[in-house]
Amino acid sequence: MVQLVGSLRKELADSISTCKVLVVGAGGIGCELLKNLVLTGFKNIEVIDLDTIDVSNLNRQFLFQKKHVGKSKAQVAKESALQFCPSANITAYHDSIMNPEYNVEFFRKFMLVMNALDNRAARNHVNRMCLAADIPLIESGTAGYLGQVTVIKKGMTECYECQPKPAQKTFPGCTIRNTPSEPIHCIVWAKYLFNQLFGEEDADQEVSPDTADPEAAWNPEETAARATASDKDGDIKRVSTKEWARSTGYDSVKLFNKLFKDDIMYLLTMDKLWKKRKAPTPLDWHQLENSECPKEGTPASGLKDQQVLDVWGYCQLFQHSVETLRSQLQEKGEGAELVWDKDDPPAMDFVTAAANLRMHIFSMNMKSRFDVKSMAGNIIPAIATTNAVIAGLIVLEGLKILSGELESCRTIFLNKCPNLRKKLLVPCVLDPPSTNCYVCASKPEVTVKLNVHKTMVLTLQDKIVKERFGMVAPDVQIEDGKGTILISSEEGETEGNNSKFLSDFGIRNGSRLQADDFLQDYTLLINVLHVEDLERDVEFEVVGEAPDKAPPPQTNQEEVNSITNGNKDSAQPSTSSKAPSEDDDIMIVDSDEEDGAASSSAAAAATGGTKRKHSDAETGETSTKRPRTDQSAGDNNDDDDIIALD
C-alpha cells in the first residue's frame, strides 16, 4: 500500500524535505514560486536577486508591501515566505547570479535550479552553469497573458540557447536621426538624447542629423547655407552635444530650438529624403509660446500618466525636466553623469516630452507617458494570474524530476485564449539537444564573418565574445601554434591589445580562435571568415544565422496544428525548434537589464598552453572539463495529457 504524506507519496515527500533547490529571481514569478515551494514542503531553499522593491511591483508581487519599498527583493521574499512555513531553511542573496562566487561548485550543491528571471543575459548564464554542473534547470517566462515552462537537462534536452533567439531589436542610425516613421524611433532618439546631454556619451547614440545617410545623397557644402539656424542658438555645429549644452548653461529654450527647430531645418536641406516622405515641420519655442500661452487648456480626463498632452504641454514638460536634470547634475559636481532610469520621474518626463515633440514634428500621433514608459523601459504588461499559473507549473515539473520521471517532463505553453480543444495549457514533448548548438554541443564551434583589418580586439571582446556569445570573463588565444594570448580575463594583462586590429596579430581568413570562460567551464572555437564588406552598420555576422532574425518557422504544418490546434495565440517555447520570432523575453529597444553579458558552460575539453583551469573546490586540484554522459530521453508518445483550466 502506498504511503502518503498529504497528497504526496512518502518517498517523494521525503525527497522534497531534504533536497536543496535554487530559485533565481524573486520578482513576479519568483514570489509565487517561493510561496508554492514552502507550501509544497520544500525545506532547503536558496533565493538570489539583485533587485530592490519598487512601488510598481506591489500590484503583483504579493510577498512585498509598501513598507518594503527600497529593500532587497530576495531578503523580503525570504522573510515573507517563512511566515507560511517557519521551519523552512531559506537563504537569501541580494546579489547578481553572474558574480564569480556563484561558480560551478556553487551550482553543484543543488538538486534542482528554477529560473524566475526577466532578462536573457542572466538566463543564458544560468543555462550554462547548470550544464557545467549537470543539474536540471526549470526555465520559465511570462509575457502578458502568455507563459511557458520547460525543463533543461544536459545531454537529454535542448538547452536554452540551442535555438537562436531573436536579436534585440535595433534600428539603423540614419532612421533614428533623420527619418523616424514610428513612435519607437522617436523614443529611442529621446533616450539617446538623455545620454548625450546628461549621461555617458556614446558615439553610437548620436542624435544630430546624419549627413552620411546614403539615401540623402546630397552635398553638405552646397546646401548648408540653406539651413537658417538661429545665431543665438549656436548654428548647427558638429560638436559634442553635451559640450554645446554646457556652453548654454543647459538653457532649456536654446536646447529646444536647437533640437526641434535648427536640426529639423537642417534635415529639410536633405532634399532627397523628402521626395517620397512627408517632410518634418520645425517647432519654434517663441512662436509656440506666443500662440499657446494665452489659451486656456481644457482639463484632461483620466489618469495623469495616460493623458496625451498638447504640443505646448510637452514644451513645458521638456523645460521643467531639463531644469530638474540640470540641478541634479550640479548637485553631483563637475564631470558628473546621470543614468537613465524609467522609474526616475525627471528622466522619464524628459524622454516623454522629447519623444512626443519629435513625433509631432514628423506627423505621428503623440503618446501618453504610460505608453512611452512601456516602450522606453522594454516593459511587457505583467499579470499576476499568469505568474501564478507558471509558478505552479514549475513546481509540478520539479516534482516529476524529483520522482525520477524526467522523461515525463514537458514544455508547457500558457495561451491567451483556449485552443480548439478548449485548453489553455498545452504540453509539448521536450526536444533533444541541437547538434549545432554552440553551448551544449560536445565541441562548440562557430564561424564569424568579419573584416580582420577593421575589427579591433576590443570589438571582438565586448561585442562578439561577451555580448554575442555570452561569456563573462573570457580568455581568447590564437590557434597559431604559439598559443598567442589575444584577450585575458586578468585585468590589465592584455589591455594594450584593445585598440589593435585583428590583422595586427596575423589573424586572417581561416584563422581559429579559442575562447575560454573558466568560471563557466566553457570553451568555444571561433573560425574567422574574412570579408571586405558587410552591410551598413553591421560589424560581424555569425555564419548560418540571418542577422537580427529568429529561427525559420516550422514547415510541418500538420505537426504545428497538432500542438497548437490552429490557435495563433499559442505561446511557443524559448527552447523549442518550434519557436516563433517572438519569445518570452521580448525586447523592444536598448535593454535596461543588469550589466554584464551572459556566461557559458558546455563540456568541451580545454586545450593546454598557458590557460588556467577550473579548480575543484573540494580537492584543490585542477580539473579538466568532465565528459558528457550519454543519456537519451525516454520515448513517450503520450502527447495528449493536456491540462484544462476551468
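Quick reminder: no glycine exception, Cβ is built from N, Cα and C everywhere.
TrEMBL entries are annotated by machine, without manual review.
Feature list (source: TrEMBL):
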type: DOMAIN; residues: 8-416; note: domain 'THIF-type NAD/FAD binding fold'
type: CROSSLNK; residues: Lys165; note: SUMO1 cross-link
type: ACT_SITE; residues: Cys174; note: active site, glycyl thioester intermediate
type: CROSSLNK; residues: Lys191; note: SUMO cross-link
type: CROSSLNK; residues: Lys237; note: SUMO1 cross-link
type: CROSSLNK; residues: Lys258; note: SUMO cross-link
type: CROSSLNK; residues: Lys416; note: SUMO1 cross-link
type: COMPBIAS; residues: 555-579; note: compositional bias 'Polar residues'
type: COMPBIAS; residues: 582-596; note: compositional bias 'Acidic residues'
type: COMPBIAS; residues: 597-606; note: compositional bias 'Low complexity'
type: CROSSLNK; residues: Lys625; note: SUMO cross-link
type: COMPBIAS; residues: 636-646; note: compositional bias 'Acidic residues'
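For Cys174 (active site, glycyl thioester intermediate), the nearest neighbour among the listed recorded sites (Lys165, Lys191, Lys416), judged by C-alpha distance, is Lys191. If you measure from the Cα atom of Lys258 (SUMO cross-link) to that of Lys191 (SUMO cross-link), you get 17 Å. In this structure, the CA atom of Lys165 (SUMO1 cross-link) is 22 Å away from the CA atom of Lys416 (SUMO1 cross-link). On a Cα basis, Lys416 (SUMO1 cross-link) lies 32 Å away from Lys191 (SUMO cross-link). Note on the recorded sites Lys191, Lys258, Lys416: the fewest other CB atoms within 10 A surround the CB of Lys416. In the predicted model, the domain 'THIF-type NAD/FAD binding fold' (8-416) has a mean pLDDT of 86. In this view, Lys165 (SUMO1 cross-link) is surrounded by 20 other Cβ atoms within 10 Å of its Cβ, with every protein chain counted. Of all Cβ atoms in the protein chains displayed, 19 besides its own lie within 10 Å of the Cβ of Cys174 (active site, glycyl thioester intermediate).
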